[in-house]
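These come from TrEMBL:
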{"type": "TRANSMEM", "residues": "A:12-31", "note": "transmembrane segment"}
{"type": "TRANSMEM", "residues": "A:51-79", "note": "transmembrane segment"}
{"type": "TRANSMEM", "residues": "A:91-114", "note": "transmembrane segment"}
{"type": "TRANSMEM", "residues": "A:120-141", "note": "transmembrane segment"}
{"type": "TRANSMEM", "residues": "A:162-186", "note": "transmembrane segment"}
{"type": "TRANSMEM", "residues": "A:217-239", "note": "transmembrane segment"}
{"type": "TRANSMEM", "residues": "A:251-272", "note": "transmembrane segment"}
{"type": "TRANSMEM", "residues": "A:297-318", "note": "transmembrane segment"}
Amino acid sequence: MKMVDIIWKGNHVFILATTVLIILLYGYGSFTFTGFFSAQVFLNLFIDNAYLIIVATGMAFVIITGGIDLSVGAFVALISMISATLLEMGFNAYLVIVLTLLIGVLFGGFQGYLISQFDLHPWIVTLAGMFLARGTSFLINTESIVITNETYSYLSSAKVPIIGGGYVSIGAIIALLLVIIAIFIAKYTKFGRNVYAVGGNVSSARLMGLPVKRTTILVYMFSGFCSALGGFVFTIYMLSGYGLHLLGMEMDAIAACVIGGILLTGGFGYLIGPMLGVLSMGVIQTIIMFQGTLSSWWTKIAVGFLLFIFIVLQRLVVINRRRKEMEFSKELNVKPETETFTRKQLDT
Amino acid sequence: MKQYLLKFTRQKIFWPLTALALFLVLNLFIDPGFFEIEIKNNHLFGSLIDILNRSIPLVIISIGMTLVIAKEGIDISVGSVLAISGATAAAIMEHQNIWLALIVALIVGIVCGFWNGLLVSVFEIQPMVATLILLVVGRGIAQLITGGQILTMDNEIYSFIGTGFLFGFPFPIYIGIFVFLMMIFLKKRTAMGLFLESIGNNMTASKFAGIQPKKIILLVYTICGLCAAIAGIIVSANVSSADANNAGLWIELDAILAVVIGGTSMRGGRYFLGGTVVGALFIQTLSTTIYSIGINPQIVMVVKALVVILVCLMQSESFRRSFANMGKKKVSYT
């Protein structure tokens, strides 16, 4: 029970810190700029960052297993390109949506297969996936394609009213739904438990008889699906397909996960975290926009500074937890595990 | 003779060298004049020289990256450090002495590398995460230095670094060779090389053996930052301008790729500087080949992706094993 307690406390620290951060930043904005404190400004955070919330949530699963997915940004661009091209050729809009989601699942699954089956480093595989996705979208077309399809335009301009006078877009609703589903999956399904187990310690998960390979493949599949869904949301947000969309967005997604308290060592994290991370980044962006004189690269510097603070915070929590584990194991009079087995050692 | 040949094929450098040779031969088929080198006003010109010249920034960064990867780390901020050092040099040169600009640019690289090393060694943050900070912030800082514009510079000495010729060869090649030799010296003639390999292999064991991993890690990241700064100076000197946004964009990925192709494992341990150089040359040859064939240059990325996967699969133990098993099954069934 004690272990569970510690884990809970660790997670609460991050969620709490991020929430307080958002409130502080938002409060600062409200006091400094007129018109900042309105329901619509807050809802716009969701509308403008819906695709990032979706992608970051998918990424969170991958990071919890101890991997990483660098292909997401490029893949969102590829999806926007594919949808724009197919729509231009006169395909049915709904068929295009289903098709792109399918491509996402297959693409992610293939990456997961390479990583789990041949024990390749996720960095390298997803890096190659990133090159592949960007390259393919340039092969399709090097220019930006504007989408004129009626269904897409309708989805793009649809406003869903919310109590209190504001409205959100379809994309924001999809994002919120996905976050809820992700929280459910992580907490109440076998797959979710497996993800945490694999991230905590691959070797012990394997010894427990958990399907490590299948979990890895499924996680990358889910990330691929989220990228495709994010791609769809992004496409209806921008209404254009372009191979240069969202350069370096994968780093934003990783940053959102870190700020949201997903430990990059794997095994820990609460699935609402990525959304909070995205929101805090969005608030910074909005403040800089309202401020007017600061240039946009200050966003990057501010986000980098936040990253630094949260990474150090993560580090402190991990050190604290390790100390408690040591005490805990002393009480039980067992030797603490000093060196975890690496995959290399297990193979030989 | 056969023994030597067999021994050579077992070496890590064999595969990258073969791939490089294959590509060079392929180029010969496409363009019969590929290997020709002519002398114009005492300067050597030709495709080979061109490839060599263009690959130098990547070679230098990859060499720094090799050291970092050897200790099971990674540095994804090199592209940003490259942009910062180029921007610094350009900004200082507007008002000050060029030598001062060069020295400050190098110092900036060292400071950036030191910062990364500090986070990794003292704070014990995962290398990828630690360098992620500088990757995100770095371009912002570079923008801050250049004021959001592309700074151009007209200094003869500075542009000589990027485009000048010495004894017939382009000047950057000498810088590349110098860096390479220095690293070889560090690896073979000082204790650092040995310590680095032992840390990459087993951190705990080397700690018990009396090596201080923290110092070595700090040193390695600092060297990587310095390499990025040198590359930044060459890149900005080559085009006589500092572009905070696009200079060295994605070079970190190319560098990691070069290191992996060169035979150094991402899991640390033994490292191969020669292999890395061959890997970097291979990547540049690949790009040049695709440009010279005349197909859409964007295809470079797709080809790169496929090459990475292929090379990694060949390095993967389980992939080779599954292939071996496939052969065995066939034999046993027939």
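Just so you know, glycine gets a Cβ as well, placed from its N, Cα and C.
Note that TrEMBL annotation is computational and uncurated.
Residues 38-40, 42-43, 46-47, 50-51, 53-54, 57, 60-61, 64, 155-156, 192, 195-196, 226, 229, 233-234, 236-237, 270-272, 274-275 of the same chain lie 6 or more positions beyond the ends of the transmembrane segment (A:162-186) yet place their CB under 8 Å from a CB of it. Three or more CB pairs closer than 8 A are found between the transmembrane segment (A:251-272) and the transmembrane segment (A:12-31), so contact between the two stretches is assigned (pairs 6 or more residues apart). For the transmembrane segment (A:217-239), the neighbouring stretch richest in Cβ pairs under 8 Å, chosen from A:12-31, A:51-79, A:297-318, is A:51-79. Note: the stretches the transmembrane segment (A:91-114) and the transmembrane segment (A:297-318) are not in contact (fewer than 3 CB pairs below 8 A, sequence gap of 6 or more). Tertiary neighbourhood of the transmembrane segment (A:12-31): same-chain residues 37, 42, 259-261, 270, 272-273, 276-277, 279-280, 283-284, 286-287, 290, 306, 310, 313-314, 317, selected by CB-CB distance under 8 Å and a gap of 6+ residues from either end.
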